[in-house]
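Reading through the structure tokens given below for one structure.
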Amino acid sequence: MSEKEANPTFSKSTGLPRKRFYRARAHSNPLSDSHFPVPISPGHVDYSLHYPQHFPSSDQVDSGKKIQFADIGCGFGGLLISLSTLFPETLMIGMELRDKVTEYVKERILALRVTNPGQYQNISVVRTNSMKYIPNYFEKGQLSKMFFLFPDPHFKEKNHRRRVISPFLLDEYAYVLEVGGIIYTITDVEELGDWMKACLENHPMFEALTDEELKADPVTKLLSSATEEGQKVDRNGGQTFRAVYRRVAPSL
Amino acid sequence: MEDAAMENGETNKDSEVAPALIAVHPTQNSVAVAVGSDLRVFDLLGGCAVSLVDDSDGSLHKDSIRAIRYGANGKLFVSAGDDKLVKIWSTESWRCISSLCSEKRVSAVAISNDGSYVCFADKFGVVWVVVVDGFNGDQDFVNKKAAPLLSHYCSIITSLEFSPDGRFFLSADRDSKIRVTVFPKKPLDGAHEIQSFSLGHTEFVSCLAFVCTHECPQGFLVSGSGDSTVRLWDISSGSLLDTCDIREKAGLLESKEIEDRYAAVTDLCTIPDSTLVAVAVQSLQGIILLSCDLSAQTLYVAKVVSIKGDAFIPTSLGTSFSSGLLWMVTGASNLHDSQHPCLSRVKVISGFKESSPDFVQHGPIVLEDDEIPRSEKLLEKLQGRVSFDKNYFLTAAEALKTSMSNLLIKKQYSTEKREFRKRGRNDKKIKK
Ligand SMILES: C[S@@+](CC[C@H](N)C(=O)[O-])C[C@H]1O[C@@H](n2cnc3c(N)ncnc32)[C@H](O)[C@@H]1O
């Protein structure tokens, strides 16, 4: 009997961690005190820890491969798992503030790696506050895609600055995205959808994708179907609001 | 929940002590000292104390001043701080030509090199910009609203600086970050294009300055930090060029207590037209002079200038273009157990003019009070009095150290404490 089977937090039939043992508060305050380690700079991110098959040891010379997709507020990690097989050569990371949820995603990925040898080696997760530490993880122009799926709405006006899409934070996202890189947002809260769209529309370094471009992009349909939150909204027959924008060079 | 506390109602004011600050007019026409809510200016050309004229709202600053600064062309002076007021002064008449209200307490200010923009950072990490056009000499200009320029999400901004060529705008914070932003043509629409982040410090960044020479007019950035280092940066890429640990020179490594081995760099001042950087350190009675080798891109300690006898730990440094003088101040606001609330002590080091190789070894000397320009008259104005009880400033230095670490160093909870804090939270209670 393997250790995993003896562990009640893992399902006997699938070998995957059971979500109910990782239940967490619905919302967490992005302003609250942080106790997790933060890399001093993107050069300090230990890739061998996240992607051991791609980076067998930490002192190995840089293979040049870098993380290109970031799922911000990744929740239980559904999107990463779908993207992993769709873009098997691309390194991706989920960023999540809640520690229990991050632990769950970590276990989920490890279990998938065990049950599917050779697969899911390109995805990982970190516990961090993306609103403060994005520049510590990614260099200028490093990312080609950023995802913000069903972010917390923070309805009250005075809490709008806690929203993960805001005019100021878009400056940082524009910095870590390469020119041509794409930012994907979706929500079931109409007011938040309008807000995210308006922030992106008014930013000089983002431009909306056309309907044809959206249709041609294989990622588009994952936005509402791949994540746990998206599936919940779908089950309840809820409407979703999408804003997908491309990073462009500023016209100065 | 310190960040949340910061958002909602700022930090506990009682324990906060503000350091005395000094600024020198670019051609040394005047010197300004701020201590507590007191702004003191001495006119060096005229040899007399300046009376400030502030009829903007009938009052001077009402709480600790946190930032003072002359513009590069010497026409403007800005003061701002805990009373949320940003005051822009004419250095001709010393009239307050504008008094802006910030939503939050102000932690840093900068004036663009051409004098047309004033920027200030509030304690929530937002930097604001206001246009100073139509101002020449003494003419009034209409009070305008400040527009948001950029933001460091929920962090205290400790220093703002324009690059010498005016292309970049730099902002440093308590999260050990330095952001380099392209200063836009239309700043009122925001500064969206980030050039680089200079990352490498492991504690709050306290101060920024540029080393520039004739050969290298675009200059190199130096930064000081709570991690007891001064670092040299290439701002266009954000790369760290060199790190200079000042603990050994400040005599900190001999200390038995580990926590005493760290002392924050509190201020940096580059000596114009030289590659020297004067460094003030939290526990050092004197300054450290660093020299920057611009071709090798290195930074090294050239000399420690100690100040003997007087228990003088500078809290702020200032200099002007060609005087060869480095001005220093020490002091603090709000010392509770003290009868003299707003004292400061000013000292001057001379001899920064020559550039011969051995001048650093022999040159800089700490002037006696009667050797300082306009000696007694100036000291009376800037210090509040001429002589003091020596222990006062040691007490002040201790209070400042505590206050600075409360404000800028993140609390480290022990594992037990952390567990205890967690226990109260719902997400730890695994449902059976
Ligand atoms: C409503 S959930 C959506 C999760 C996932 N994207 C999905 O669609 O299922 C929002 C997530 O964002 C996380 N989050 C909120 N603020 C964050 C921050 N500043 N940094 C990282 N994660 C954050 C929350 O903990 C939560 O898991």
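If you go along the chain as it appears here, the first residue is 1 and each next one adds 1.
A Cβ is built for glycine as well, from the same backbone N, Cα and C atoms used for every other residue.
Owing to the predicted nature of the structure, the values given are computational and were not obtained by experimental measurement.
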Practice task
Could you look at A:Gly64, A:Gly73, A:Gly180, A:Gly181 and say which one TrEMBL places alongside A:Glu96, A:Leu97, A:Asn129, A:Ser130, A:Leu149, A:Thr227, A:Glu228, A:Glu229 in the S-adenosyl-L-methionine site?
Solution key: A:Gly73
Problem - Rounded distance in angstrom between the Cα atoms of A:Gly73 (S-adenosyl-L-methionine binding site) and A:Asp152 (active site) - result: 9
Practice task
Using only the Cα atoms of A:Gly73, A:Glu96, A:Leu97, A:Asn129, A:Ser130, A:Leu149, A:Thr227, A:Glu228, A:Glu229, which the record gives as binding S-adenosyl-L-methionine, return the largest interatomic distance in Å, rounded to a whole number.
Solution key: 20
Completion exercise
If you measure between the CA atoms of A:Glu229 (S-adenosyl-L-methionine binding site) and A:Asp152 (active site) and round to the nearest Å, you get 11
Problem - A:Asp152 (active site) versus A:Leu97 (S-adenosyl-L-methionine binding site) - Cα distance in angstrom - result: 12
Exercise for the section: Could you tally the C-beta atoms, other than its own, that fall within 10 angstroms of the C-beta of A:Glu229 (S-adenosyl-L-methionine binding site)? Expected result: 20
Exercise for the section: For A:Leu97 (S-adenosyl-L-methionine binding site), just count the other CB atoms lying within 10 A of its CB, please. Expected result: 24
Practice task
Pick the one among the recorded positions A:Gly73, A:Ser130, A:Asp152, A:Thr227 whose Cβ has the fewest other Cβ atoms within 10 Å in this structure.
Solution key: A:Asp152
Exercise for the section: Would you mind reading off the Cα separation of A:Thr227 (S-adenosyl-L-methionine binding site) from A:Asp152 (active site), to the nearest angstrom? Expected result: 14
